[in-house]
Structure formats: structure tokens, C-alpha cells
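Student: Okay, these came from TrEMBL:
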- 1-62: region 'Disordered' (REGION)
- 42-53: compositional bias 'Low complexity' (COMPBIAS)
- 74-128: region 'Disordered' (REGION)
- 86-104: compositional bias 'Polar residues' (COMPBIAS)
- 105-125: compositional bias 'Basic and acidic residues' (COMPBIAS)
- 181-199: compositional bias 'Basic and acidic residues' (COMPBIAS)
- 181-234: region 'Disordered' (REGION)
- 213-223: compositional bias 'Basic and acidic residues' (COMPBIAS)
- 286-561: domain 'MYST-type HAT' (DOMAIN)
- GLU462: active site, proton donor/acceptor (ACT_SITE)
- 542-565: region 'Disordered' (REGION)
- 546-558: compositional bias 'Polar residues' (COMPBIAS)
Amino acid sequence: FEGSVHLGSGSDGTEDSDSSAEREQTNSSESDGNIPKRTRLTRASLRLSQSSQGKESHGMGALKIPLFYPTLSRVGDHDESPPLTPTGNAPSSESELDISSPNASHDESVAKDPALRDSDKDLSHRPKRRRCHETYNFNMKCPTPGCNSLGHLTGKHERHFAVSGCPLYHNLSADECKVKATTREKHEEESKVQEESNRHATRHQMPTSKQTRYKEQVTEMRKGRNSGLPKEQKEKYMEHRQSHGNTREPLLENITSEYDLELFRKAQARASEDLEKLRIQGQITEGSNMIKTILFGRYELDTWYHSPYPEEYARLGRLYVCEFCLKYMKSQTILRRHMAKCVWKHPPGDEVYRKGAISVFEVDGKKNKIYCQNLCLLAKLFLDHKTLYYDVEPFLFYVMTEADNTGCHLVGYFSKEKNSFLNYNVSCILTMPQYMRQGFGKMLIDFSYLLSKVEEKVGSPERPLSDLGLISYRSYWKEVLLRYMYNFQGKEISIKEISQETAVNPVDIVSTLQSLQMLKYWKGKHLVLKRQDLIDEWKAKETKRGSNNKTIDPSSLKWTPPKGT
């Protein structure tokens with residue numbers, strides 16, 4: 001095609017933030033000096049306070065720096081109460097902060113010492129403060145048996161309080177974690193230098209010789225990953241499993257290639273670092289208020305991220321959720337009694353698609369507010385970037401289910417704004433863990449683009465995408481483009497025509513063509529290369545899937561675009 005094509009990154013340049021830290025108000029005297037947020041009350045600090053007062057009485061200084069004792073005040077919860085859940089409780093995204101002193105003798109010394117009482121008077125006019133989350137609570141201990149809570153899987157922290165950061169659980173020592181962290185940092189610096197050197201190179205150049213050699217090395221390292229384990233190693237692994245059970249990670253050496261194992265270790269360290277950041281920011285406490293498992297239908301699911309369920313439920317560590325109405329409960333007995341009288345067998349709203357056992361229901365966030373809020377809370381357990389929990393009224397939720405003789409079981413869902421200024425066709429998308437890697441995620445994406453075709457619009461998912469969401473969308477865009485190329489018989493092709501036929505945003509089309517190395521710039525024109533090798537590879541996979549391939553049938557859709565809000 002001729003003419004210039006706008007090459008965009010496919011992002012609107014904004015990022016969601018899971019929480020905004022509250023700014024502490026300080027007086028003018030604090031702005032002149034570096035005053036710590038927390039001051040531990042010790043004998044040395046008392047002597048320093050008394051000596052400073054003595055110097056002031058002799059005229060040696062006019063500046064008074066009052067000490068701040070966080071044990072003298074208590075911060076209440078100022079958040080507005082969100083709508084009630086089906087349990088009758090108002091879930092709060094932030095639990096009440098406890099600022100009581102970890103040592104009771106500190107409070108007693110404050111009450112007895114007259115000098116401290118004078119300092120307390122000086123502090124009466126100052127605003128109350130929240131607890132600094134960067135300090136460690138040394139009463140907390142790692143739940144791994146035999147662990148002293150020292151070290152961290154990332155190699156960047158001195159202590160840990162959860163299994164995710166425990167070196168012992170991962171069969172490592174604290175020193176080994178530090179060495180691995182240093183190695184990872186070196187590799188990251190080298191990759192940044194390489195990216196900086198390639199920034200001014202041609203955008204659409206072929207892989208360099210160094211990249212080609214690296215790809216060959218990775219292929220060579222992966223050749224023996226499915227060769228199996230020797231009998232001695234199997235016995236060693238079984239002995240480790242029997243002696244430690246679930247308190248230690250299984251031995252992973254020689255199960256796969258060293259390259260893949262290192263990638264897995266990097267992912268573990270990154271996830272542990274993300275959890276540590278959430279803990280420091282106060283979104284989760286040291287392993288106490290995070291739901292670790294949920295009982296959902298006939299599945300017990302391990303959670304991945306923190307979700308702002310009410311504190312009385314989050315502290316239990318395990319939640320029981322009705323798979324039809326999504327009401328959450330505290331115990332198996334309450335769930336059993338609820339299931340005996342729950343009349344729901346499918347999501348509320350209108351069934352807009354059905355083919356075989358697969359159905360899709362359109363649920364209005366304004367009409368079914370409680371269900372949609374519970375759905376968002378459930379989804380946050382498996383999504384990192386999700387920030388919408390309670391304000392569900394401006395959104396429509398499309399819930400995919402799989403039916404059997406007991407009801408319609410939740411497979412996944414996606415939400416979209418009723419009126420999107422940027423024509424986003426997906427705001428949030430999730431496939432439940434028990435249905436992942438079965439093609440349902442691609443079905444949800446395909447269904448969202450089918451709705452865009454009916455609306456005669458070009459759609460795109462809202463940014464930023466989660467890691468799994470980005471992988472799914474890239475795979476879908478690649479499949480759509482290769483199918484279009486396979487059926488295309490002309491000689492000239494247009495990005496605009498592809499976008500109109502597939503409802504995929506032109507920016508996403510261009511980025512996918514670039515990743516497939518099918519878009520080149522030659523003699524002032526952009527050319528689309530029809531790579532027959534990629535098309536043949538895609539066709540072979542389609543043939544191999546056969547009738548088991550899960551796809552959306554447009555003829556089974558019974559839906560008209562909603563009018564207004």
C-alpha cells in the first residue's frame with residue numbers, strides 16, 4: 001500500500017495505579033530539617049532530648065525540634081463506605097491502621113517522664129499520621145518451618161515474612177539469592193545498553209548476527225529438556241518431597257533446560273518483589289490479610305494477587321464463594337447451607353449467545369450492581385492491574401459460562417464501557433484459572449471483536465494489559481492477520497481494509513506486522529511481506545486442532561447494540 005502509516009505503540013500513555021499513597025502533612029519546622037517519620041524511644045533518645053532542652057535554656061539555640069511518637073495517636077478510617085455486598089457488609093479497600101506500639105514499655109515511659117509530657121504538649125497541634133509501612137514488624141515470622149525470616153528471594157531485602165520471599169522454601173540460601181540478584185542486574189544492564197545501541201538503527205531491520213547466535217544457543221539448550229530424569233534423581237526428588245511435603249518447593253533442577261529454569265526463577269523473583277512492594281505500600285500486611293485460596297464450585301483455587309475483600313474475610317486466608325451468585329462466605333458450613341437455598345443457576349442479565357454448552361450473558365452493572373461488584377472482587381484475585389471494584393454502573397459485563405446438568409459454570413468474562421470515548425471494546429478481561437490454556441481466552445477476545453463488528457466500529461483493549469492479557473491478544477492478532485493473508489488473493493493490501501474487515505485497530509495491526517517482521521520500509525513506501533512460512537505454520541496448527549478448535553459462531557449471536565446508558 002502507498003502513503004505513510006502512523007506507527008504507534010498501541011498505548012494511550014496512561015497507566016492505572018492500584019492505589020494512591022496519602023501525603024503526610026508537615027509543619028514548616030520539618031521542612032527545614034530531615035526529621036524521620038518514626039522515632040524509636042530509647043534511653044539515648046531521652047538523654048538527647050534532655051540535653052537539647054538544657055542547651056536551649058542557656059541560649060545556645062532557638063530551633064525546637066519536637067520528637068514524634070506514633071504511639072500517642074490513632075488513625076481512623078476516612079474512606080467512604082462502598083455499597084453493601086450480599087453478605088450485608090460494606091467491603092473496604094483499605095483496612096483500619098493500627099498504630100499501637102510494638103512494645104508496651106514505650107507508652108509507660110512516655111507517661112512517666114515529665115520531659116516527654118512537655119514534648120507531647122508540643123505535638124498536640126500537629127496532624128495525626130499514618131504508620132510508616134517500610135518498617136518491619138519483627139514479631140512476624142515466616143511460616144516455613146525452620147526459617148529464621150532472614151534474607152529474601154529477590155536478594156534486595158534483609159527479611160521476609162511470606163513464603164513467596166522465603167529462600168529456604170525455594171531451596172536456596174540468603175547468600176545465593178544475593179548472588180542471583182547481582183547476576184540478574186548485570187544482565188538487565190547489558191540488555192539496556194544493547195537496546196540503547198539499537199535505538200538509532202533501522203526500525204525494521206532483520207535480526208542481527210548476535211541475535212541469531214543467541215537464538216541458536218537457546219534452541220540448543222532446549223533440546224534435551226524432555227529427555228527424562230535418571231532413576232537416582234527421581235528417587236532424590238521423591239525423598240525430598242516425602243521429607244518436606246508442601247513446606248518446600250519441589251526440586252526443579254534437570255526437569256527442564258537451564259535456560260527455562262532461569263526464566264522461571266526470574267519470574268519468581270519479580271512476583272516476590274511485586275508482593276513486597278504491595279506490603280510496603282500497606283495494600284497487604286505481612287501475610288496475614290491476604291486470601292490464599294478460594295473454594296469455587298468443585299475447584300480449590302490458589303490466588304495470585306491481593307483483592308480488597310472486607311478485612312473480616314481477608315484475614316481468614318481461605319474464602320468460600322458461590323459459583324453462581326458469587327456471594328462469599330467464611331466457612332464450608334455456611335456455603336453448604338447457602339447452596340441448598342440459592343436459586344441462581346446462571347448469571348443475571350440477558351443471554352446473548354449460545355452454541356452447544358457455551359453461553360454468554362450480558363450483565364448491566366447498573367441493574368445488577370452487587371453481582372458485578374462481587375465479580376470484580378473475584379477477578380482481582382487473578383489480575384494485577386485491575387482497579388475497578390465498586391463503580392460498576394458505567395460498564396457492561398459479558399460473562400461466558402459452560403453449562404451442564406447442575407447449572408452454568410463461570411468460565412470467564414470481559415467488561416466494556418457503555419460509552420467509550422476511545423472506542424475501547426474491552427476494559428477488563430479474565431479467564432478463570434481452571435479454564436486457562438483451553439482456548440476460552442481467545443473466544444472471549446473474538447467475541448469482543450464480534451460485538452465491535454455488529455456496532456460497525458473498530459475496537460481495541462484498554463491499556464495497560466496484564467502479562468497474560470498481552471500474550472493472549474498478541475496471539476489473537478497474529479492468528480487474525482495470518483488468516484486474512486491466507487485468504488487474500490490480491491497484490492495490493494491496505495491496513496485500513498484489514499481493520500474494517502477484522503474490527504482490529506490499525507495501531508494493533510501495525511505492531512503485530514512489525515513483530516512478525518512482515519512490515520518493511522523500502523524506497524519511501526511501507527510494504528507488507530506475505531511470509532509463506534508463517535502462513536503454512538499457522539495452517540498446519542489449524543488442521544491439527546480440527547473440530548476441537550473453540551471458535552465463536554457469529555450466527556449464534558442474538559444481540560443489538562444498547563442505546564444510550
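Positions of Cβ are set from backbone N, Cα and C atoms, glycine also.
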Student: Going along the chain, which residues at least six beyond the ends of the compositional bias 'Basic and acidic residues' (213-223) come within the CB cut-off of under 8 Å?
Tutor: 207, 257-260
Student: Measure the Cβ-based neighbour count of the residue listed as 'active site, proton donor/acceptor', defined as the other Cβ atoms within 10 Å of its Cβ.
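Tutor: The Cβ of the residue listed as 'active site, proton donor/acceptor' has 20 Cβ neighbours within 10 Å.
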Student: Please list, for the compositional bias 'Basic and acidic residues' (213-223), how many residues fall into helix, strand and coil according to DSSP.
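Tutor: Split by secondary structure, the compositional bias 'Basic and acidic residues' (213-223) comes out as 9 helix, 0 strand, 2 coil.
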